[in-house]
Amino acid sequence: MRIIDNILNLLIESIRLRWKFFIFCLLAVYWFAALQLSGIVGENFMSPILSPSQTSQQNVVSDGIEKVKKLIEQGKKDFSLKRGLSLIETAYAQEDNITARSYIVFDLESGDVILEKNSRQRMPIASLTKLMSATIALDLAENDLIKVSEKAAGTDPTKIGVVEGQKMATNELLHAALMTSANDAVEVLEEGIDNIYGEGTFVWAMNEKAKYLGLSNSHFDNPQGFDGKTNYATAEDLAILTHYALSNYQQIAEITQKDYYFLPEDSRHKQFDLYNWNGLLGVYPGVQGVKIGNTREAEYTTIVVSQRSGKSLGVVLLGAESILQRDLEASILLDAGFAKKYGLSPARISETDLKAKYSTWKYWR
């Protein structure tokens, strides 16, 4: 009993000496509860620090999910693929020894599928991911000027060498992302948008856009196209995305047609020489882009569009063994598509034609 009495005496003495502190705490609790009831302070005001993934989800939800969805869910999306042609086209493609793991040849006007192989198979797509990233950048930060962070400057290649502390416009970064496939440029775009709307918004918006377009076999976990178990698409989905991007975003259509773009040094950033790594630009008749890619798991990938005699065809090709094989097989598929659908003579691009083009690239090895 004496021990209990001693403890009680110590507690009473402690309260007597610190009575002002205890009253302050009681008043603070009462004041905070009143603010919560009035709606001035949210329930999460005093919540523990969240993990990055939790923070990402919460930020996207709490900082304007409806605003972001409204911005990304725009543009015409009435394009669909149609399969009604003769099966002869499959034999035509096999006859030309196409080794890529997956491809689709489609008409950009009618949506007719002319040739295909494993076009509904989910596959890693490498930097073809950046086509979706470009649409998100234009939806959420079309006219922004974004400061380069240390993280962005240290992003893994392919890169153009953005410099920490310098500033670049969205249009400049899109030229680097779509032409030179610059991962550091895409990182700048992602960080700029996440800083405005909340961490994780950029990738979340990519997947929301995929749902909006009905790309049921596509998912993104990074905006560059780095290999990952949850970063994939199908040739079929990419065909739909290609039509959507070119039809609704004039900047994307214009940038992807350029063979070279020069960004001079100015007060904001250093000089950049931007080459388009699409080997068929200026080689195959009427080629207008769109995007190339390469990673260990995806191998070599491409999306290419060509207009001949007023008719536009697109090719999505995934899993080629080399740059040369990628571009050569894409040209063969274009030839087959134009011949089958419109009776046009083949361009018959050769390895020599492609190697001559590659030799013009400043950084080609």
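Note: Cβ is positioned from N, Cα and C throughout, glycine not excepted.
Annotated transmembrane segment per TrEMBL: 21-41, in sequence order.
Annotation source TrEMBL lists domain 'Peptidase S11 D-alanyl-D-alanine carboxypeptidase A N-terminal' at 93-321.
Counting every protein chain shown, the number of other Cβ atoms lying within 10 Å of the Cβ of Ser127 (active site, acyl-ester intermediate) is 26. DSSP assigns Ser127 (active site, acyl-ester intermediate) to a helix in the three-state reduction. According to TrEMBL, the active site, acyl-ester intermediate annotation covers Ser127.
Proximity of Lys130 (active site, proton acceptor) to non-local residues of its own chain (separation of 6 or more, Cβ distance below 8 Å) is seen for Ala177, Leu178, Ser181, Val186, Pro223, Gln224, Gly225, Lys291, Gly293, given in sequence order. According to TrEMBL, the active site, proton acceptor annotation covers Lys130.
Secondary structure at Ser181 (active site), taken from DSSP and collapsed to helix, strand or coil, is coil. The active site feature in TrEMBL is assigned to Ser181.
Marked as substrate binding site by TrEMBL: Lys291.
On the 0 to 100 pLDDT scale, the model's mean across the domain 'Peptidase S11 D-alanyl-D-alanine carboxypeptidase A N-terminal' (93-321) is 96.
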